[in-house]
Amino acid sequence: MLRGQRLPWRAAIHQPSRSLIVRWSGVSSSRYNAAFRVPLDSACRSGSLPPTMLRPFSSSSARRKDKPASGEGGDDPSGKLPGDAAAEEKNSVPRRKSPDQVGRTDRRRDNKTTAESQEREIEEESKGKVAEGKGNNNAPESPSPIPVSGGSSESKPSGANNGGGDDGSKKGKKGSGEKALQKPSVPDVYPQVMAIPIAKRPLFPGFYKAITIRDPNVATAIQDMMKRGQPYVGAFLFKDENADGDVIENLDDVYDVGVFAQITAAYPLRGETSGVTAVLYPHRRIKISSLLPPSDLQKPVATTTETQATEKRGDVVASFEEGVSEPAPKDHYESTSFLRKYPVSLVNVDNLTEEAVDKKSPIIRAVTSEIVNVCKEIATLNPLFRDQISAFYTDQFPGNLSDEPSKLADFAAAVSAGELHEMQEVLETMNIEDRLPKALIVLKKELMNAQLQSKISKDVEAKIQKRQREYWLMEQMKGIKRELGIESDGKDKLVEKFKEKAEKLAMPEAVKKVFDEEINKLAHLEPAASEFNVTRNYLDWLTQIPWGRKSVENFGIKNAMTVLDEDHYGLKDVKDRILEFIAVGKLRGTVEGKILCLVGPPGVGKTSIGKSIARALNRQYYRFSVGGLTDVAEIKGHRRTYVGALPGRIIQALKKCQTENPLILIDEVDKIGRGHQGDPSSALLELLDPEQNSSFLDHYMDVPVDLSKVLFVCTANVTDTIPRPLLDRMELIELSGYVADEKMAIAERYLAPAARELTGLKDVDVTLQQDAIEELIKSYCRESGVRNLKKQIEKVYRKAAFKIVQDLGEDVLSEDKALTEEGKLAQEEQAKQESEHEEKQTTAADPAETPLEPEKSTAETPRLALKVPDNVQLRIGKDTLKDYVGPAVFTTDRLYETFPPGVTMGLAWTSMGGAALYVESILENALTGESRPGIETTGNLQTVMKESTQIAYSFAKSVMAKQFPENRFFEKARVHMHCPEGAVPKDAGPSAGITMATSLLSLGLDHPLDPTIAMTGELTVTGKVLRIGGLREKTVAARRAGATKIVFPADNMSDWLELPENIKKDIEGHPVSWYSEVFDLLFADLERDAANQLWKKELAKEKSEKNGSE
């Protein structure tokens, strides 16, 4: 290929035709680009674009030079001979120096001086080579160069009809206006292009697409292509919809079928220095045959010096001739050779041609009509889609739609938001009959999406219209009522209502002043203001507090005793305190509020006693629990500045009870929490202080409220976790657990009748015999309270009810008798709805669209209680109790029937009441002269118990040394002390001191103790027995464990005397002050001489064996 023949195209690149009105180069001014982007869409529709942007671009077959046979001259498509062509090329040299072109050269002279000097050298050299080619007529001609989009002075666009026989001078004389009418030609064959991967959706021929290029190398290559007049790329879709990038590294990353596109414009990205936004216009479908990734492009390519010089000069378009049998010469020039210096993706591609099809085929006509109908439906739902159809029809179909079914299929896929693989299938399908149905499927999905959007939009609009209509109707109704005088303005009526309520209340002066200020503020506020609702809510709370209202109290002593005995058995201390409270009120005529705190194990009736006290005093009752409470606002309320602020629970109690003197029960006060919102226990200090609660200040109300007439009753299981300042403000009443006879009375009077009524056996002859209740208490429910006993009795009656129903059968207790007429109608309606629901589920696409209507199948009294025949009788005794509640939980009264040496029974107090605490001590190894003394303790003992163990061990050794000096047990013995039930933490206090010391002495003296003796008391190292707590609970525990004697400190004698006789019955108390008294009582039958000589033989034998061995 001659260099002189490539010169005109190189000149054409540097000197574009004057008819090229719009420059597509990336170096265009930003002002022109901004002005061009706005009218791009409207210009496309109106056809007023510059010649370089008119659509459709020329896609007619390019005129190629046929290679002449040897010895024959080839015909030039323009009708010129080779000699004429050479002459024309010679004539083209001076035309490059036209005034207009000189002006262009002058504008770029500052940065193109070197390029122009090289250009002149090439032009001089080309003249000689052209002349040489002119003389050789038999030499084969080089392929015709590919025309650029802008055209040049010497190029003739394909399909141009300005005379193929015109010579070069005639063409040079044509004006710029005639050149402006020439359409830019797009090369039909472009075997190698730069590949740009795209994501989300493929491109279709004939439809613009803007893409963003962020890779600086690709962006620079695009700008270079625009400058050279070769704005052609290949666009291929990523297979992974989440992939991103501007370079194809692997051919498997993209689909091999894409589009050959022209870059019509390129704009720099805002805020970025390297990226560009490129507008692509696809022309045809292409397929990748091979990939030259950036890694291959960077490899050095052996080229001649002439080729390297040519690339430096910016040689551009080379034509590719079909049907050439001879191999290309070594200096063959490729149109994309200048891109090899950029790390971009180059691909070799082949054009894909659509298969021939009969446009009058009934299948094509049918599918085309269906696509048109679907487009019309979408256009009615989506205005944006309607504009797209209008622009497409105006631009692509000046005639009949059926003439271009392929364009219609591409349009359907291009405007739809389908799946990635579905749209790529439309692009890859070259058979029109197959492409149209695939495009129809994608378009149908777009129709379904548009219908769903339309439905949602209509639903939202209907809701808004309904609310607006209701609002305007309500406003009109208010206006009509005001005109007729039926109703005044809402705000005025609200103010009047608050004033009427305030007149009925005896508000203090300070509260009355605040009320007047707030009511004046409300009268001057607009109802739409946010402060209006805050003020209205505050006035609502202020007028709902029962200022000056008190319930009429009943100070009758007999009435109070009757009520308290009806609800609770025992609890003498609580009942006496309430009777004292009533007696004071009877004499004074009024009583001030008190703060009582009931402390006791679970299930003894602490919470229920509060309701009985309120009923006895004829006071309103309100209960709330503070267990786990961590927010101070629950007690003292929220500030009004917060959204959704409310008063505290105390103000809410006054609002509910509507009296100033209710009984408020604060439950679980020992389990109150503490968090980042504050310490609620500290907030209770003001509430539960009789000296301060006369002016209790709630954060929300912000006015003093008198709580001095409120009777507060608190409940707790233990007092250890209650803060001392709070505990000091309350009057403690301790409730101990119930003994067996008390549980029996409670079960017969309260628990059994309540369980019979609860299980529907109130009028049925079912009897739980006394021996069965005793067995329940003895073998199933040994805890202090009666809550578990209540559960077991209910279980017995439930089993009895099931047995009766099962024995009688459905004939006697049928469902028809139990249903009322109303219930039968509701049952029929429910059966009808269920049958209809099943039918709809089988036919409906979405079962959720056929909900049931449960309100239609309900009734107020659907059933009646069935009457059991009078001849039914059931007796539940001790022998049959196992059939109802299972085997016994506790099989023996005590852990040991007879105590071995080292075992004693102590007494402990827990939150569940009293419990028997056994202490066991054993000798770990044989007693020898070589053994070392020591003690090991187990049983989950806590800190206090461990200290008691050390004290008891030290004291036992001192007792042994003083009273039994010959007994050297503790000098050589290693002892292990254990408290059974190791899973239960034991830290009840130091009251196990004498028990542990007795256990060690029993082991050291090898003397077993009486199993009916239980003991409790704190021991000092000198042997003093100190006072303990919970003597009542411990006595009850000793009674349950079968003890007949209790050893306790003498300082607790007052507690022993206050115990009820039923608890002390058959139990002998022994108060002691020193451990010597305990020792004399427990070891009364001990032979001191034998005990003093104990273990002497073992130690002497071991010593003699040692001497013999020596």
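FYI, residue positions are counted from 1 along the chain as it appears here.
Backbone N, Cα and C atoms are what each Cβ position is placed from, and that goes for glycine too.
TrEMBL annotations:
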| type | residues | note |
| --- | --- | --- |
| ACT_SITE | Ser991 | active site |
| ACT_SITE | Lys1034 | active site |
| BINDING | Gly600, Pro601, Pro602, Gly603, Val604, Gly605, Lys606, Thr607 | ATP binding site |
| COMPBIAS | 87-132 | compositional bias 'Basic and acidic residues' |
| COMPBIAS | 167-181 | compositional bias 'Basic and acidic residues' |
| COMPBIAS | 823-841 | compositional bias 'Basic and acidic residues' |
| DOMAIN | 193-447 | domain 'Lon N-terminal' |
| DOMAIN | 898-1085 | domain 'Lon proteolytic' |
| REGION | 42-185 | region 'Disordered' |
| REGION | 823-864 | region 'Disordered' |
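Secondary structure of the compositional bias 'Basic and acidic residues' (823-841) per DSSP (helix as H, G, I; strand as E, B; remaining residues coil): 19 helix, 0 strand, 0 coil.
Just so you know, the Cβ of Lys606 (ATP binding site) picks up 26 other Cβ atoms within 10 Å once every protein chain is counted.
Highest Cβ count within 10 Å among the recorded positions Thr607, Ser991: Ser991. Between the candidate binding-site residues, Pro601, Pro602, the densest Cβ environment within 10 Å is the one around Pro601. Of the listed binding-site residues, namely Gly600, Gly603, the sparsest Cβ surroundings within 10 Å are found at Gly603. Shown in sequence order, Leu907, Ala908, Trp909, Gly914, Ala1014, Thr1016, Ile1028, Ile1046, Phe1048 are the residues of the chain, 6+ apart in sequence, with a C-beta less than 8 angstroms from the C-beta of Lys1034 (active site). Within 10 Å of the C-beta of Val604 (ATP binding site) we count 26 further C-beta atoms, all protein chains included. Long-range neighbours of Gly605 (ATP binding site) (same chain, six or more residues apart, CB within less than 8 Å of its CB): His568, Leu571, Leu735, Gly785, Val786. Ranked by Cα separation from Ser991 (active site), the binding-site residues Gly600, Gly603, Thr607 are led by Gly600. The ATP site, placed at the center of the C-beta atoms of Gly600, Pro601, Pro602, Gly603, Val604, Gly605, Lys606, Thr607, has further neighbours from the same chain whose C-beta lies within 8 angstroms: Leu598, Thr715, Asn717, Leu735, Ser784, Gly785, Arg787. Regional average pLDDT for the domain 'Lon N-terminal' (193-447) in the model is 75.
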